[in-house]
Amino acid sequence: MQLESLSTLNYRNLAPCTLSFPAGVTGVFGENGAGKTNLLEAAYLALTGLTDVTRLEQLVQSGEGEAYVRADLESGGSLSIQEVGLGRGRRQLKVDGVRVRAGDLPRGSAVWIRPEDSELVFGSPSGRRNFLDALLSRLSARYAQQLARYDRTVSQRNAALRSGEEWAMHVWDDALVKLGSDIMLFRRRALTRLSELAAEANEALGSRKPLVLGLSESTTPETYAHDLRSRRAEELARGSTATGPHRDDLTMTLGDFPATEYASRGEGRTIALALRRAELELLAERFGEKPVLLIDDFSAELDPTRRAFLLDLAASVPQAIVTGTEQAPGAALTLRAHAGRFTPEPEPVSAQVAVDEVGA
């Protein structure tokens, strides 16, 4: 997968632009607030159709009614154009001019590494669960469909609980058990390989403590129906479904202890990087080509080992876009970011300084 070019219009603080990207590493540098993160966010949206903002209006430039991003892609010798239009709380996706759903876009097209990924370790169970569900939904269209049906069923069952409709519970319970059991079994199977890859990456990052991923499940496929019945009175009182895969957690054991409770900040950053590399490798195994790698702020709070790991990872994929307040070494193209605009930098700043000093 290669991003040939990215176009944006009225997207956050970005000036209207069309940027071309070569194979290899593109480095984007500039001060904080210059638009570097927004550029990666736009690229990820155009490549995957996905965003984690709660309101789409947040992506539209202040004073404008609509925003637009477009990615020109090459994959397996074929060219395609993916477009995302944003406006009035709606997202419209097109591939080669034909409207599609997010699930119709290439699911293995991009991985985005961000400084806030440490929250996968230290944040809430819902954040870790969302990470796992998002990854598995990209690996399997069927998982994405089952998860969407399960979420709808939970919402409908919760409404029935709040209305005191105990007589209808057996209908919702049967649906939850079927859908939820499928989700739990798929998670277990996928987690075996994800844990292997994350452990390898954790070791490559220099950690002396083994990393093991697991699941903290509120129920099991074998006991799900019984657990729903046994907690019926509690659920009617609280008006929500208390057990099921929507309550589970992705666990991370570092050495002999839960990472969420005992890992240092540095160890947390290592685990987060290991998870993202595992994500990249899983997508590559599933779809037969490595995704475009997007790395935001490659030097942020990272020691030399983790920083070198990120840069080596960027160099190992066919294409990566790496941002930072300083230039990324070894980039095939370097762009300077300033006030939402991006201009090619002819040579590293350090080289220019050296030339100036010699001339002086």
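Heads up, the Cβ atoms here are built off N, Cα and C, so glycines get one too.
Record features (Swiss-Prot):
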- G30, E31, N32, G33, A34, G35, K36, T37: ATP binding site (BINDING)
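Positions of Swiss-Prot features highlighted on the structure.
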| residue | record | Cβ neighbours (10 Å) |
| --- | --- | --- |
| G30 | ATP binding site | 21 |
| E31 | ATP binding site | 11 |
| N32 | ATP binding site | 8 |
| G33 | ATP binding site | 13 |
| A34 | ATP binding site | 21 |
| G35 | ATP binding site | 26 |
| K36 | ATP binding site | 24 |
| T37 | ATP binding site | 19 |
Sorted by sequence, non-G30, E31, N32, G33, A34, G35, K36, T37 residues with Cβ within 8 Å of centre, ATP: T323, T325, A337
